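Trainee: Questions regarding the structure given below will be posed in turn.
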Amino acid sequence: MEEGSSTARAVVRSTCGFTVGLSLATAFGLLELLGEGHSPFGCLVTTVTLAAFLSLGMGFSRQVRVSVLLLLPQAFSKQSRLLLLVASFGLVLQGPCANTLQNFTRASEAVACGAELALNQTAEMLERAKQPLISALSKIKAIAQKAKVVGDRIRKFFRSIIDAVKHIARCLQNVWYWLLHIGDMCNSELGNPYSKCTQVFDDAKIHCMKVVSGFPHLCYALLPYKLLVCGLASLVQKFCVLPSYLEFFLRTVIRTPVMKLLGKLRREFEFNMTATHYFSVDLNSSRSLSQVALDLQEAVSMKLYTAREALSLMGYTMPLLIGFLYIQALCYRYYYLNSDKFDNVYITRRFLDMEAVRSLAGMPTVLPLSSHEAKHYIQPDSMFLSQREQMFYTLEIFNLTRHLLIMLLLVFLDYGVFWLLDLARYHLQGEIVARSPVVVSISVEGSGYSGNIYRDLASAFDVMQQGNVSVLSPRCTLHPSEPDAKGYIVIGTMYGLCFFVTLFGSYVSRLRRAICASYYPSREQERITYLYNMLLSHRTNITATVQRAVRRRSADQGQMNILQVLAIRLPFLRPLLGPFSLQQSYCMGCGEPEDKGGMENFVSCSTPGCRGLYCPTCFRLLNNTCSVCSAPLSNQGHLDLELDSSDEESPQLWLAAARRKAPEQELKLRQQLQEALGTNLSDKSTSKPERAGNRNQDRKQ
């Protein structure tokens, strides 16, 4: 019967685990598909793989079941909160930030389109501005062509005249050459008659002198004949000189005037016609303005490639989060099973049962906890947080607030950019065309080449005035990208989940211990025993520490601090030093001031003349015994009775406490004190401590 019930429980447990595993895998797949926006095929593969692991693991493996159950409260841990914030910020980067970048991209494209449109219209205006000059240039070219035809005809006519003149010149040149060479031919044929004649007589004279060398004077008789005969021969020489005189006459009278006349005739037909046209427009550009803008966008995209890849990884934060949380759950299970100190700060029901058993058996107990212990050890169902949890709670709230401010700033930036661009789109929609307000017409009258040129120029300027310039065109209309309202809802949900995890994470994280305790009860009992023994040993050490603190403060109580000395020495400073509570009382064990706990919560020693004042916790740790006056009677410590002979107050307090607590020990204590001090202690001196004690009681009341 018992075996059948255990088998039924195992079957139910496996069935529930299998169902829970399938449900968790299905929820994860829907979150990936609808929340993260992944591809359906990838979500299907991931969901099927995760469902196989979770369903089979939770159905048939105790370890997997514990790890998955630990995964749920582990989602409220510090690391999971951090990953949730990272995932939420990833949604912000993929939503508002990406939309802001998209709006800036569309704005830059619209600006580039407008700039290219303006450039094209500028080129069109330049073409229109060139039309008058081109028309004038065509007329000038036509005039030049006609002038060239006339010039060709004049050139032919002039060439005919030049040919005729050249023919006449060649005839005259032949005559000229004949006259020029006729003298040379005459001289070459006839020679120089006078020279030849004188040469003959000179040769005869020389020959005569050779023949009649004895009578050379006879040879001089030929001289008169020489002069006569050679003078007649010089008349023949005049005939050869006539051509040279005729050549000079022809050069000066005929050749020079004829050449001047021909040059003057040529200059009459010479003319220059120059047409100069200067029109230079430099618009050298290898790429259009839109191509330049696209190149700039491509360069910026290359620079931001690493950042875009990092942003793309934000879409896989959910699988990374689940994997990290599962590893954290495995680590928690491992440390729970192997470390007694790990997360062992809870006063559970089993701890209280152990406390009750020890109390009934008369053994030392640890409850109630001290104020210091209560800050570190709490009950699992308590609404109060431990000191460590409070510190982490404050830090997480501050961190979440910082992330919320950054998220709101990015969301407002996205909406602000869209609002500005949409406002610009609303006011710049339509088409604006700039037209000439006044059309001026110019009429040119007259005929001829100049009139035609001026008339063409005027008509070209009429064409320019009729042109229109598009200032705003629908082709460059700005279309900003609207913010995704659904994305805002998802982001708000994620940050709301982060806030919920931060607010209740410390409470939900306590369920991890409960889950492990339900699956490992023997291990939980070991941890509770360790915690109880640690508190008990710590409590014993605390008692000795409190006793030493009481003795130290009792010895220092008669001394005054610097503020008290100043108040006594300088009375006018007392109003200023009054707020510092110069006469403030405090617990002699832990030093807690009376204004924190209230004087009604403090316990004063009932021994007359004793200044002992304790908080309830310290008084309970001292077993409701004053360590100032009852120290020699305590079983927990032994005082060193090394007293000065002038110290009479402490022995009297000890004797009074012994008389009140154990009268039979008074005589024994008196003997020990007399041996230590070397003097006799009489009962007369007790009146002074009693009066001092009464005054002390009156002051405390």
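Cβ from N, Cα, C; glycine included.
Copied straight from Swiss-Prot:
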type	residues	note
TRANSMEM	15-35	transmembrane segment
TRANSMEM	40-60	transmembrane segment
TRANSMEM	82-102	transmembrane segment
TRANSMEM	215-235	transmembrane segment
CARBOHYD	ASN272	N-linked glycosylation site
CARBOHYD	ASN284	N-linked glycosylation site
TRANSMEM	310-330	transmembrane segment
TRANSMEM	404-424	transmembrane segment
CARBOHYD	ASN468	N-linked glycosylation site
TRANSMEM	488-508	transmembrane segment
REGION	673-701	region 'Disordered'
COMPBIAS	685-701	compositional bias 'Basic and acidic residues'
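What's the neighbourhood like for each of these?
Mentor: The list of residues near the transmembrane segment (40-60) in space but at least 6 beyond its ends in sequence, with Cβ under 8 angstroms from a Cβ of it, reads 14-15, 17-22, 24-26, 28-29, 32-33, 68, 319.
Beyond the transmembrane segment (404-424), the same-chain residues lying 6 or more positions past its ends with a Cβ under 8 Å from any Cβ of the stretch are 88-89, 92, 95-97, 99-100, 103-104, 106-107, 478, 480-483, 488, 491, 495.
Note on the transmembrane segment (488-508): residues 35, 73, 75-78, 80-81, 84-85, 87-88, 91-92, 95-96, 385, 389, 392-393, 396-397, 400, 403-404, 407, 411 of its chain, located 6 or more positions outside it, place their CB under 8 angstroms from a CB of the stretch.
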Trainee: Six or more residues out from either end of the transmembrane segment (15-35), which same-chain residues have a Cβ under 8 Å from its Cβ atoms?
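Mentor: The answer is 42-44, 46-47, 50-51, 53-60, 65, 68, 318-319, 322, 490.
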